[in-house]
Amino acid sequence: MKIGIAGGGAFGTALAAALALDGHDIQLWARHAEAASDMQNTRSNPKLPGVDLPQNISISGELEPLFICDTILLAIPAQTLPAFLTEHLAHLDGKNLVACCKGIDLKRMTGPASTIRDIVPGAVPAMLTGPSFAADIARGLPTALTLGCADDEMGAMLQTALSTTSLRIYRTTDTVGAELGGALKNVMAIASGIAIGAKLGESARAALITRGFPEMQRLALALGAQPETLSGLSGFGDLVLTCTSDQSRNYRYGLAIGTGSDFDQNTTVEGAATARAVRQLASELDIDMPICTVVADLTENKTDVATALNTLLSRPLKEE
Ligand SMILES: NC(=O)C1=CN([C@@H]2O[C@H](COP(=O)(O)OP(=O)(O)OC[C@H]3O[C@@H](n4cnc5c(N)ncnc54)[C@H](OP(=O)(O)O)[C@@H]3O)[C@@H](O)[C@H]2O)C=CC1
Ligand SMILES: O=C(CO)COP(=O)(O)O
């Protein structure tokens, strides 16, 4: 089976490399023709230094070869997904569309798989998520992921097709849980980075991770997720990874806020927009989401770290 991947960034390229090494022919699309042709010729991507791209990955800036594939992995930022789906609706109808991005769309307030279901109703929507840095996947390091697909037969087919000797994929029919775990942990990763950047200490970070997890569960369960999905790779697993590693861009963005340093605005930081979406959802659904709310306010300079900390610490005492 030829697998298509939309998105020539770190994650799309890493998935391409892992699947190609396992013997799949891969059609990778990058939106800028020049970047695509450089990747095709040099067999490398500057976003994944030191990784050689196998010859069975074909890289193009043209969309036609991508649209021939029955299964397409969507590894473009979550906020750009709706426009991509809408623009190419006719070509995506009937395909297996596997979202590989992590975020809540600010306009629709949905996670990536739900966005696919809403915009391309004739496609089979799925979600690939879990604790997995692109650099680790591309190097063939062992990684465990969750594939969420409401259609379990198709989910099983995708699970088999996308698993490799180093990528171990688990399966769930709870796409809502899978998409929200990955989206919400990015907000917590920003919060953790802020705590460490502002020198609040490791204990404060542990408190944020621990209190952040039920916050993620509250919103996800209210939106229809199953609790066990949040406790799995896509929720708890990815929360642990990104809140504790400076390989995470969301965490590094938090570090920059905490230290008051500049941060490269071109870096993909999904948690910033998602924090704003969560703040709005929390207000609409009347759900207590204190950590996400202060992260959203901090990303918009509506508060500062000292005030945000005071907001969290001065909340009424309660049972755990
Ligand atoms: N990196 C990682 O370790 C992991 C990332 N992810 C998720 O994967 C998704 C992509 O992240 P990642 O690849 O790392 O990010 P990168 O910043 O490395 O790459 C993003 C890619 O998306 C492209 N892109 C941006 N805007 C558009 C658009 N409007 N239409 C089409 N393509 C677009 C970029 O193109 P250009 O270069 O031309 O701007 C670039 O190729 C994110 O949701 C992230 O959370 C998930 C797990 C791990
Ligand atoms: O989602 C990731 C790892 O699972 C990557 O995290 P960042 O987007 O924060 O780099």
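Using N, Cα and C of the backbone, Cβ positions are placed for all residues, glycine too.
With F11, R31, H32, K102, R249, E270 listed by TrEMBL as binding NADPH, the candidate from A134, A220, A222 annotated for that site turns out to be A134. A Cβ distance below 6 Å to any atom of ligand 2 is met, among the binding-site residues H32, A134, S248, N250, by S248, N250. A count of other CB atoms within 10 A of each Cβ picks out K102 as the most crowded of the binding-site residues R31, K102, R249. The secondary structure of K102 (NADPH binding site), as reduced to three states from DSSP, is coil rather than helix or strand.
The domain 'Glycerol-3-phosphate dehydrogenase NAD-dependent C-terminal' (174-309): residue composition by secondary structure is 102 helix, 0 strand, 34 coil, according to DSSP.
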